[in-house]
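Visitor: So that we are looking at the same thing, I have put the structure below in structure tokens.
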Amino acid sequence: MELPGPHERRSIVVLGSTGSVGTQALDVIERDPGRFRVAGLVAGGGRVDLLAAQVERFRPDVVAVADERAVPALRRAIGPVPILAGPEGVAEVAARPCDIVLNGITGAIGLTSTLAALRAGRVLALANKESLIIGGPLVKRLARPGQILPVDSEHSALAQCLWAAGPSGYDPSAVRRLIVTASGGPFRGRARADMTEVTPEQALRHPTWDMGPVITLNSATLVNKGLEVIEANLLFDIPFDRIVVVVHPQSMIHSMVEFVDGSTIAQASPPDMRLPISLTLGWPSRVPGAARAVDWTTAHTWTFEPLDDEAFPSVALARHVGSQGGTAPAVYNAANEVCLEAFLGGRLPFTGIVDTIAAVVGEHSVSPAGSVAEVLDADAWARARARELTAAAPPR
Ligand SMILES: NC(=O)c1ccc[n+]([C@@H]2O[C@H](COP(=O)([O-])OP(=O)(O)OC[C@H]3O[C@@H](n4cnc5c(N)ncnc54)[C@H](OP(=O)(O)O)[C@@H]3O)[C@@H](O)[C@H]2O)c1
């Protein structure tokens, strides 16, 4: 698990290479070929042309696609590079010898890869927050200190603030509160009653970040912020009542840590995922020029406001399931994934997403999430129940 130093070359496996995080990770890697090389690429199989172009450009040792039907077209496009396929192929590449595995897969499906990478002893650059959230106790039991490096900009910011706090390293007793910032999404300032008619097109338009569709929709409902609160609790061992969400529409401060002496340290940079991604790949060193810095020569105003829990009940619900622990976060996440599909398919109004998650969570009997099977069972139950509820929901 020892990472090569800043002057040695690191080999990186990129899972979800064709996605928003994956392509930006490859951008960081490509800019510094003396420092990084690609050992493996993994994607779902939906964008074969892009994956083939990445193979051509980065010459990985191996490539995998989750959807086996993508293999023939990929084979024709990339020639002799080994191709693995299906969930087993994806997990095999996640466990391959390399220095860092970046998990940029979307959704609960990323859990197997997270566990495979951790079991194999790889340092895990974690964008796929869902795997940590749903597999909480399992992932935490498996991960050694420092083995998971957060890619999420908020958690990268928190790690940087904690790291900046002192030479003796992370001291939880010096932390009063974690302050997680939220842009507020495209519907900030609206009352809940004014969001019933929201269309997928409107929900997919994020004001400050350009991201994949699932996280963009989750930013509109603020489910993403709820997931991030659980992620912060799991990563930094700070209880939920000391994790605060603050709306900061400019997305320049990515989170803050308030210390017991009244000092607050914030991390600021224009919204660009290449910064937190590069910090995981170069960890603990910074990658020069990874992203633009704040322009302090021009005037700007940054604002902060409390979260409207009535308009966006998803964060309070996430705190509730996070405090319950066990299989509860997996149920929250799985119900959400199904509700997003229903919303995109016109079967559920926008506000029905969180209402349905709450209904599914309310019906679930929480168990400890002591095994992968237990987590996957809870995930499958929540999906089935959310499908039933959304099939019965009145159309938009
Ligand atoms: N985007 C951001 O700025 C951002 C910021 C913070 C955190 N995150 C987190 O990072 C993760 C990725 O988000 P994203 O926005 O990059 O998503 P995305 O753009 O939708 O990309 C998802 C990637 O996963 C691949 N994939 C889908 N199913 C797969 C499977 N079964 N096995 C292996 N790969 C599979 C996709 O391949 P195909 O192209 O073949 O479908 C694609 O490469 C999410 O957990 C998200 O919450 C993202």
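Positions of Cβ are set from backbone N, Cα and C atoms, glycine also.
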Visitor: According to TrEMBL, LYS129, SER153, GLU154, HIS206, SER219, ASN224, LYS225, GLU228 bind 1-deoxy-D-xylulose 5-phosphate; so which of SER183, SER263, SER278 is the extra one listed there?
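Guide: Only hit among SER183, SER263, SER278 in TrEMBL's 1-deoxy-D-xylulose 5-phosphate site, alongside LYS129, SER153, GLU154, HIS206, SER219, ASN224, LYS225, GLU228: SER183.
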Visitor: For the NADPH site that TrEMBL describes with THR18, GLY19, SER20, VAL21, GLY44, ASN128, GLU130, which of these is also annotated: GLY189, GLY212, GLY226?
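Guide: Among the candidates, TrEMBL records only GLY212 at this NADPH site.
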Visitor: Which residues, in sequence order, are found in the same chain with Cβ within 8 Å of the centroid defined by the Cβ atoms of ASP152, GLU154, GLU228 at the Mn(2+) site, excluding those residues themselves?
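Guide: In sequence order, the nearby non-listed residues are LYS129, PRO150, SER153, HIS155, LEU158, VAL180, ASN224, LYS225, LEU227, GLU231, ALA232, SER255.
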Visitor: Measure between the Cα atoms of every pair in THR18, GLY19, SER20, VAL21, GLY44, ASN128, GLU130, GLY212, the residues the record assigns to NADPH, and report the largest value in Å, rounded to a whole number.
Guide: 18
Visitor: Measure from the CA atom of THR18 (NADPH binding site) to the CA atom of ASP152 (Mn(2+) binding site) and give the result in Å, rounded to a whole number.
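Guide: THR18 (NADPH binding site) has its Cα 18 Å from the Cα of ASP152 (Mn(2+) binding site).
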Visitor: When the Cβ positions of the binding-site residues GLY19, SER20, GLY44, ASP152, GLU154 are compared with the atoms of ligand 1, which fall under 6 Å?
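Guide: Result: GLY19, SER20, GLY44, ASP152.
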